[in-house]
Amino acid sequence: LTGVLDDCLCDIESIDDFNTFKIFPKIQKLQERDYFRYYKVNLKRPCPFWADDGHCSIKDCHVEPCPESKIPVGIKAGSSNKYSKAANNSKELEDCEQANKLGAVNSTLSNQSKEAFIDWARYDDSQDHFCELDDERSPDAQYVDLLLNPERYTGYKGPSAWRVWNSIYEENCFKPRSVYRPLNPLAPSRGGLVSVCHFSWTGLCLEKRVFYKLISGLHASINLHLCANYLLEETWGKPRWGPNVKEFTRRFDPAETKGEGPRRLKNLYFLYLIELRALSKVAPYFERAVVDLYTGNGHEDAESKALLLDIFRDTKSFHMHFDEKSMFAGDKKGAKSLKEEFRLHFKNISRIMDCVGCDKCRLWGKLQTQGLGTALKILFSEKEIQSLPENSPSKGFQLTRQEIVALVNAFGR
């Protein structure tokens, strides 16, 4: 890919250089810190749109959570102000680790991490604008270590996976009049399965083009990670994961995708720009002394915040940001209506993630959707962020720990 992206004054080469040399090494380090590696998620929420068609039974889709009695107290105290040092004995921890080895999603916590969960809810606020949030108090919500559960190919595909993306694109996305989509495994036809390959933005305003590109970019990101971390072989019970060029070609090569592949990849760059812009805009929220990345380990918390502020400085130095002020800039009534439509469409997409049949895929789908939803929330809250009080928690704009973790990890993807 080369050249300028549509709808912004930014070229791909500038993004590549900026990300490779400035952002990526620091984001990687940040994702490894305790505050950002543990994400609380409910993988048991029912699909609100159609009857569940069964969960993926492939081993790499599976989740084997720790029994409630085995979870360290510090985690259970995560959304309250109470904390006890009562810890599980080593035998219980071994049992928990053994249970998790059976499943591909590993929610085991290391001993040194147990005390990290003292009070991560200090600045939590349930209000959210663009996403359907999991109830963290639900007995089905659990902490997952993202480093132990990397996003990768699980074998989940076919009608169930296609149905999720089809619902997103066809029912919840402003899209070009016709765009090439993967073949429909749900609709039989005599002459093979028909796909559409024409592309036209006619009649689609900037806001709706942006929405479509963000969803397409998210889809491209997920597909890229499946190709980059693919199960190449499994010999003697030792799986080998790595890049699958053939799979990448199938999903992105112009000849294989009727010219659509490069456009999908360009949309990934566009998604990067939007989330980068959100990071630069939210910096004042974190620059205040009142905000800690609180885990209970004072030294690590200070280092994490310093690294995050360093990343913010880099994001501000980027000179080709997307100008979100060009969105919803028409007449007030029309702009307000369009913004609400935008928000509701995105909220619906976040709910569709509960229809993903593979738990590993659901985990990363929910996290990245919430990360993008948080980025949109930030971009549409500029006035509130600029008027934040320096020494007290704000009422006008608030981010929960879950939103912060999702934003950083989604951008990291």
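Cβ coordinates come from backbone N, Cα and C, glycine included.
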Disulfide partner of C361 per TrEMBL, picked from C355, C358, is C358
At a 10 Å cut-off from the C-beta of C358 (disulfide bond), count the other C-beta atoms across all protein chains. 26
Using the alpha carbons only, what distance in Å do you get between C358 (disulfide bond) and W165 (FAD binding site) once rounded? 14
In the structure shown, which of the binding-site residues T154, S216 has the fewest Cβ neighbours within 10 Å? T154
Rounded to the nearest angstrom, how far is the Cα of C361 (disulfide bond) from the Cα of R251 (FAD binding site)? 18
How many other Cβ atoms sit within 10 Å of the Cβ of C361 (disulfide bond)? 24
Given R152 (FAD binding site) and C361 (disulfide bond), what distance in Å do their CA atoms have, once rounded to a whole number? 8
